[in-house]
Amino acid sequence: MSSGGLLLLLGLLTLWAELTPISGHDRPTFCNLAPESGRCRGHLRRIYYNLESNKCEVFFYGGCGGNDNNFSTRDECRHTCVGK
């Protein structure tokens, strides 16, 4: 195979990897956790991954404790738990 063909194959494989959504087996296990507001009394708008709806949704975080299913932005949540 020529070097041009190898570059084309590499480019196609890279594109495929970027466009393939994360499956349940590839998703970090903390994405499956229910949102936890934590033990503090803050009222911070945060995002969590909802396993049932397969969407990133809003919850209110107290500011400490909780779990790792807690994101600052929907984009961060989607990239981590839903896929690109």
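One-based numbering along the chain as shown.
Each residue, glycine too, has its Cβ placed from N, Cα and C.
So that you can see what the record holds, here are the features copied from Swiss-Prot:
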SIGNAL    1-24  signal peptide
DOMAIN    31-81  domain 'BPTI/Kunitz inhibitor'
DISULFID  Cys31-Cys81  disulfide bond
DISULFID  Cys40-Cys64  disulfide bond
DISULFID  Cys56-Cys77  disulfide bond
CARBOHYD  Asn70  N-linked glycosylation site
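Projection of Swiss-Prot feature records onto the structure.
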residue : record                      : contacts (Cβ under 8 Å, 6+ apart)
Cys31   : disulfide bond              : Tyr49, Leu51, Asn69, Thr80, Cys81
Cys40   : disulfide bond              : Gly62, Gly63, Cys64, Gly65
Cys56   : disulfide bond              : Ile47, Tyr48, Tyr49, Asn50, Phe71, Arg74, Cys77, Arg78, Cys81, Val82
Asn70   : N-linked glycosylation site : Pro35, Glu36, Arg46, Ile47, Tyr48, Tyr61
**Request:** Ten-angstrom check, please: count other Cβ atoms within 10 Å of the Cβ of Cys64 (disulfide bond), all chains counted.
**Result:** 11
**Fill in**
For Cys81 (disulfide bond), the number of neighbouring Cβ atoms whose distance to its own Cβ is within 10 Å equals 23
**Asked** Mean pLDDT, the domain 'BPTI/Kunitz inhibitor' (31-81)?
**Response** 97
**Message:** I'd like the number of other C-beta atoms within 10 A of the C-beta of Cys77 (disulfide bond), please.
**Reply:** 22
**Request:** Please report the DSSP secondary structure of Cys56 (disulfide bond), reduced to three states.
**Result:** strand
